[in-house]
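Encoded as structure tokens, the structure appears first; notes follow it.
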Amino acid sequence: MSYSQTRTQSKAGYDAGVKDYKLTYYTPDYTPKDTDILAAFRMTPQPGVPPEEAGAAVAAESSTGTWTTVWTDLLTDLDRYKGRCYDIEAVANEDNQYIAYIAYPLDLFEEGSVVNLLTSLVGNVFGFKALRALRLEDIRIPVAYMKTFQGPPHGITVERDKINKYGRPLLGCTIKPKLGLSAKNYGRAVYECLRGGLDFTKDDENINSQPFMRWRDRFLFVAEAIHKAQAETGEIKGHYLNVTAATCEEMLKRAEFAKELEMPIIMHDFITGGFTANTTLSHWCRDNGVLLHIHRAMHAVIDRQKNHGMHFRVLSKCLRMSGGDHIHTGTVVGKLEGEKGITMGFVDLLRENYVEKDLSRGIYFTQDWASMGGVMAVASGGIHVWHMPALVEIFGDDSVLQFGGGTLGHPWGCAPGATANRVALEACVQARNEGRDMAREGGDILREAAKWSPELAVALEVWKEIKFEFEAMDTV
């Protein structure tokens, strides 16, 4: 498509033909309204396409525009409904990359629908030929639109009341191997981990209902393990039973069975399952008093490339609106991608009620969550006891620290592995509360605790040389 302007006066009384997008959709004098949905796009225009035209094209193709003028434009008020590119900034130290700020009127979006929101913002425009690459970096949801969403089924405060645990991060573990265990052996591993001191165990995201372990069998053996561990420890325990399924009807059937077994929490793969399924399940969880753990499988397909796709902070905001009580966020110190400033930026967007604009952490807009419940951050992936001081310092209390291999890989077995993590956690929390420097004294804190815990001493020896030192790709 050429960007030269062509116009023909039609008999219908409008200018037919193709004209530059910037004539209609680039409005640098526009001041966004409090009710506008705002978006920050990282654009890489094709050679010869000015950034103003590229930004206007994004605004047009994600709102009311198409490639040519149409006579039906005369039947509505385009000035009321169109998206507007109101600012463009060059990206520092990047060639031919720009941040385009676009404002969308609220009437373009269905109330309470993340599906409709994303269909516009990250729809066909991402295949637009005028752009070599396009990435949605951040969005600002106005309070007027935020109030149309239920948000998390319960939120952080209600979850703590449900499980009666306060003043520390929660401890979890993904059962390994992730695939291949029978339901009975799976339940045995759950029991050993929970009796050893963990608060939660977890289905891997891959576990649904495969030939080696059908979902109903898994639910039954896990329920037996949880009730037995609770009776022995006097603590409330949980296991994230993955109810993700091929249909919403099957998903809800599995959720109902978990409720019948008196399970406190279930799990959903929200990206592969889809936002319609996730919002449906979130509403069910609130109505039925069940917590909802969210896994982000497939997120890196969408968010890992720096110049194309959608940043995880956008997915985080959408998940909080759609609903979930926990979500995986990366660890900063483990095996998965995540730079500290960027990671804690979207962790704050998940947990806090009001987050100020902070470009150093990738936060392009101030976000008011209008008292919506918070989502607990889950740090999971390649972490072990030596990481505990850093994890406690980085993530704080409102988090779940999830040690899979770091529990089940203990030489003495699952229960000692869980005990090692629980001792390490409580030692670090006590040291933090006493005002000790976790960054400088973390190793000493663990070694002191290990004098009274042979399980921790063995774990410290096994994983003393394990590090994951790669440069993070997700940077400002």
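Here the Cβ of each residue, glycine as well, is placed from N, Cα and C on the backbone.
What Swiss-Prot lists as substrate binding site is N124, T174, K178, R296, H328, S380. Residues or ranges marked as active site, proton acceptor in Swiss-Prot: K176, H295. Per Swiss-Prot, N6-carboxylysine is recorded for K202, and the stated evidence type is sequence analysis. Annotated Mg(2+) binding site per Swiss-Prot: K202, D204, E205, in sequence order. The annotation site 'Transition state stabilizer' is assigned in Swiss-Prot to K335.
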Among K176, K202, H295, the one of these recorded positions whose Cβ has the fewest neighbouring Cβ atoms within 10 Å: K176
Shell list (Mg(2+); ref centroid = CB of K202, D204, E205; cutoff 8 A): T174, I175, K178, D203, N206, I207, Y240, N242, M267, H295
Of K178, R296, H328 (the binding-site residues), the residue whose Cβ has the fewest other Cβ atoms within 10 Å: K178
Other C-beta atoms that fall within 10 angstroms of the C-beta of N124 (substrate binding site): 10
Rounded inter-Cα distance in Å - T174 (substrate binding site), the residue listed as 'N6-carboxylysine': 5
K178 (substrate binding site) versus recorded positions K202, D204, E205, H295 - nearest by Cα: D204
Among D204, E205, the one of these binding-site residues whose Cβ has the fewest neighbouring Cβ atoms within 10 Å: D204
Rounded inter-Cα distance in Å - R296 (substrate binding site), E205 (Mg(2+) binding site): 9
